[in-house]
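The next block holds one structure in the form of structure tokens; read it before the comments.
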Amino acid sequence: MDNYLDNLNESQREAVVHKDGPMIIIAGAGSGKTRVLTYRIAHLMNKGVDAFNILSLTFTNKAAREMKERIGTVVGTSEAKNLWMGTFHSVFARILRSEGHHLGFPSNFTIYDSQDSVRLITSIIKEMGLDKDVYKAKQILGRISSFKNSLITVKAYYNNPELMEADKMAQRPKIGEIYQQYVDRCFKSGSMDFDDLLLRTNQLLTQFPAVLAKYQDRFKYILVDEYQDTNHSQYLIVRALADRFQNICVVGDDSQSIYAFRGANIQNILNFQKNYDNVKIFKLEQNYRSSNNIVEAANSVIEKNKTKLDKEVWTDNSDGEKIKVMRTINEIKEGRFVADSIFENKMNNQLQNSDFAILYRTNSQSRAIEDALREKNIEYVIFGGLSFYQRKEIKDTLSYLRLLINPNDEEALKRVINYPLRGIGASTVDKLSVAANHYKKSIFEIICNLNKTDINLNAGVRTKLNNFATMIQHFKIEAETKDAYEVADFVVKQTRLVKDLEKDGTPEGVSRVENIQELLNAIKNFTVEQKEKGEDASLAFFLEDAALASDLDKASKDDTPKVSLLTIHLSKGLEFPYVYIVGLEENLFPSAMSMNTRSELEEERRLFYVALTRAEKQAYLCHAQMRYRWGKLVDCEPSRFLEEIDEKYLEHLTLKVAETKQNKFINEDIFGSVPQNKIRFKKPIQRAPIKKKASPKMEFQAPKNLKKVTGKPSASANLFDSNVAVGNRVEHTKFGRGEVLSLEGTGPNQKAEIRFASVGVKKLLLQFAKLKIIS
DNA sequence: AGATCTAGCATTTTT
DNA sequence: TGCTAGATCT
């Protein structure tokens, strides 16, 4: 414990021991940033700073948990427990629970996720009689969100002629009114959306000096990780809190700023020195993670960006293998290449699945990869994507739970008031909603006070509404004495959510039941863990945790090692020995939507930089010549990022003949031509909850002795396909040796462009050209 | 009120 | 292409 400083290099140690005043640590990829942060906090505590006075803001709750554990090993677990650590959202949600009353919010306020927000905006647009094609709910929410991130309240909006003019020009002059409605409705429902957690905190700190003073006093030392991805709202919160003691330490890497699309402002990190006085700058430039080839290759790419801070990332590590580049015909072959390669690497190098990660730009790319991994019987986990918590049955179940914590939660109420069906239809809900707006009460309050309103409902409906309200209140009472799991279990049984689904008997129904079961398990785990730690095991706290946990947080640490599949965004902060980056094609990565401005493109490039620097030993870059996108087959150009890497770090791969043949047999002859089986692979009955895994059982169900079937196999698999692949060295009877540059067409029409040493580039019909593949 | 059908969106990334 | 919310029918 005493010599923890010995584990640090010179610059790391300086950053750890420098105690007071504003400081910025510019930390290159893999430079031991987390280590510095944890040791720094531990060091502060060793120097007598009370854990209660340290606030540390991280990007995910998982990161916070892990850091806490590591600090605990240095200073003792019980002391480390007292640290304030977590994401901006979760830390300030907690503060708002106790201080929100200043702003008129109850302590049990609900946190709306984006789905709730979109639904609320949709109904507002409808109620206002606006054209939903002009006022697209999602876009409106995006606009409102960007207002909130910049601290533009409704009032500020109306005081800003430029914003209003812009909306008018865009034919959407009513945005201000929608915004106003949205804010009012959230308030009435006792709800905050994600942006509110930051905006309301800002309001709290600016409007209530006593509250500000209290937290300024409490947080004598503030540390912010991933500072490059903070938005304006977050910047202001940090600034306000640090204003008194000025002990603010921010850590980040401008080269890894990838969240501009949700309001992150790279200027926060670029201007830190201007925003605070007497800033001390520390730079961590030695990379301990990756091979020299990877570090240098990544540097050669990021150099192309104009906006960046001055730093030089280097490593002592050996060169390692070159980065492998693989071009395939389509996304199916891309998936198979990755699966085969992982298989081979595992065999040759004694590795396990958890040594591999597959990164992609968009979630939709995971499908082809999943198929290939399943075919090869390789277990995998997917992070992100359609989150477990977004599924209908889960949201429905959670809505009941939310409602008993906060009956005014309008979005939750609307979801379940007639689910399972209890004869309270749309027209009734509309009437209630109108009354609620009129009396400025929540729908639930209206239901509880039907007699005091002039609402026109028949006796039958009134009874049903009363029963509903009674049920919820009954749940509420149960919740007072039970832990989160007991309540949830009780509610699921009472509402017959599961029983109804079980009756329906369809595969979807079965999967939904399983998902609800999985949710109950998760709540059970949560309850047990919290109790073990001696922490809050209430339902309210579970709901908050569920609302603010990132997808990474939700992944269960478990048993068998698995290959990780995730978007590059989610991969920030992680590292893997072997990394496959797939879909390196123009319009996909860089994304077609991010090529309009230099700054957007630079963000894409930073994203690529992040992807590449996740790799420790080996990186593979894959791209396909064609791929299905939104149902259409699209030709794909290789990504510009491939060309931006200095060629000397790259090696272009070719498929080996034997491999190709073997794959054809396993993948196409057996499975490809049996549609029923194919369907099972494509769409696992259950896109598994929380943790996803390849299910080995499904793997070899197709009879092994299935005869070779003629007829058209799946989309791209073609019996005529030649074994020739791009990058192959081939020998032609007339032209001699050459290299395959590209392939086009399929089946008998497949052509190859080949560069021969003797005659230059030739295009040949493979059907006729007798080629011998050399390598 | 409930069941069935259909059009339109989505595929850029997420707390 | 596959899903969902809203529209339309019974």
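Glycine too: its Cβ is placed from the backbone N, Cα and C atoms.
Unlike curated records, TrEMBL annotations are generated automatically.
TrEMBL lists A:ALA27, A:GLY28, A:ALA29, A:GLY30, A:SER31, A:GLY32, A:LYS33, A:THR34 with the feature ATP binding site. Listed in sequence order, the residues of the same chain lying 6 or more apart from A:LYS33 (ATP binding site) and placing their CB within less than 8 Å of its CB are A:ILE25, A:ALA27, A:ASP225, A:VAL251, A:ASP253, A:LEU284.
The domain 'UvrD-like helicase ATP-binding' annotation in TrEMBL covers A:6-291.
Annotation source TrEMBL lists domain 'UvrD-like helicase C-terminal' at A:292-573. As a whole-number mean, the pLDDT of the domain 'UvrD-like helicase C-terminal' (A:292-573) in this prediction is 88.
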List, in sequence order, the same-chain residues at least six positions removed whose CB sits under 8 Å from that of A:THR34 (ATP binding site)? A:ALA63, A:GLU66, A:MET67, A:GLY573
Translate the DSSP assignment of A:GLY30 (ATP binding site) into the three-state scheme. coil
